[in-house]
Amino acid sequence: MSAKVNKVVLAYSGGLDTSIIVPWLKQNYGNPEVICYCANIGQDDELSGLEEKAIATGASKCYVEDLREEFVRDFLFPLLQSGAVYERTYLLGTSVARPLIARRQAEIALQEGADALAHGCTGKGNDQVRFELTYMAFAPHLKVIAPWREWNIRSREDALDYAAEHNVPVTATLKSIYSRDRNIWHMSHEGGILEDPWNEPEEAMYTLTTDPEAAPDEPEYVVIGFEQGTPVSVNGKRLGPVELLLTLNDIGAKHGIGRVDLVENRLVGMKSHGVYETPGGTILRVAHQGLEQLTLDRDTLHYKDVIAHRYAELVYYGQWYTPLREALDAFVRVTQRNVTGEARLKLYKGNATLVGRRAAKSLYNPDIASFTMSDSYNQKDAEGFIKIFGLPVKVQALLEGRSRGER
């Protein structure tokens, strides 16, 4: 038996892993009081009966908090504004959720007078880092228990056997081959046939989005309104953060929007293969990018791409509660001052195509950009600009003797 703890707060989902962790903690840590904590960030029916299940498993109580509003407003929308995408593809749905869940878990632990925190993350994954960095930020003195790094359970079969031996009620079976994570932003799928990156995902695996081939044969247009980079309306109707994202999820899912297949580099050093569904998030990303094209000057837009890359790494690595993230957010907020307007998208069989954008403070001037001659832009001025801009190229050529045909 490990060192005794008196009270532990467990990050709890009600799935197979966290269900068996409850009796395992009691068995291996001196029969502590186990309090379960679950954040509602958009799992929908996965939350049904969760409190009763936790208590039946041996927990003394189970907190279930609706954090959807905070999640969308304070995590997803800043992520959207930053432009962060991990390794060109992943919209960071799982990564960005962990800091909020772990922070509230730590706060509950302090409120309850617990002396330990526990999570069900595997020793091979990124989530263990995300949870524990957050614990360090909010409850650095509490003991952290990570059963997957301690116990002898090595497979789904082992976990099901343990559940049966300890009378833990679970709905999981050996046929449930995929490891999934769901919230209001996305659904992820790993494991099963995806462990071979050559395998095409089975259509039956997808749970949020329609097969693009079976999507409507007529395109649908959607207009997203933004105020200083924050989405506020859909097709002219003003909506709160949660309702707006749920609306776009429904619209996007119908048209098969937001499916990606990615082999990614995990923080812990290995590569993993996952499939993600992010219908509403994909629509918002395309719309937001389109509006930034109008409202950001070239230097700011290009440098923001650099920031976006680092922001994505920061979120993926679990470094949300750091001075760097606060500093990057401050930069991003300045860039969003004029990102107010509308973007129009055409949704058709898996594609979200930007087909229109307008903004009150647009930097696009049709009088200057037009191919027709006007007094707004003297094309003769380009001659001097080219000479100055190209001077380093000319000097290098003269140095190497190119002007005389030398080689």
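Including glycine, each Cβ sits where the backbone N, Cα and C put it.
Annotation source Swiss-Prot lists ATP binding site at Ala11, Tyr12, Ser13, Gly14, Gly15, Leu16, Asp17, Thr18, Ser19, Ala39, Gly120. Close to Gly120 (ATP binding site) in the fold, though at least 6 residues off in sequence, lie Leu10, Ala11, Tyr12, Ser13, Gly15, Asp17, Thr18, Ile21, Pro147, Trp148, each with a CB less than 8 Å from its CB. Secondary structure from DSSP puts Gly120 (ATP binding site) in coil.
Around Arg130 (L-citrulline binding site), a 10 Å sphere centred on its CB holds 27 further CB atoms from the protein chains shown. Annotation comment: Swiss-Prot describes Tyr90, Ser95, Asn126, Arg130, Ser179, Ser188, Glu264, Tyr276 as L-citrulline binding site, evidence class sequence analysis.
What Swiss-Prot records for Thr122, Asn126, Asp127 is L-aspartate binding site, and it gives sequence analysis as the kind of evidence. Following the DSSP three-state reduction, the secondary structure of Asp127 (L-aspartate binding site) is helix. Summarising the environment of Asp127 (L-aspartate binding site), the number of other Cβ atoms within 10 Å of its Cβ, over all protein chains shown, is 21.
Taking the Cβ of Ser95 (L-citrulline binding site) as reference, residues of its chain lying under 8 Å away and at least six apart in sequence are, in sequence order, Tyr86, Asn126, Arg130, Val315, Tyr316, Gly318.
Within 10 Å of the C-beta of Tyr276 (L-citrulline binding site) we count 26 further C-beta atoms, all protein chains included. The Cβ of Ser179 (L-citrulline binding site) lies under 8 Å from the Cβ of His189, Glu190, Gly191, each of which sits 6+ residues away along the same chain. Here the binding-site residues are Asp17, Glu264, and the one with the most other Cβ atoms within 10 Å of its Cβ is Asp17. In sequence order, Cys121, Lys124, Gly125, Gln128, Val129, Arg130, Arg266, Val268 are the same-chain residues whose CB sits within 8 A of the CB centroid of Thr122, Asn126, Asp127, the residues recorded for L-aspartate being left out.
Reduced to three states, the DSSP call for Ser95 (L-citrulline binding site) is helix.
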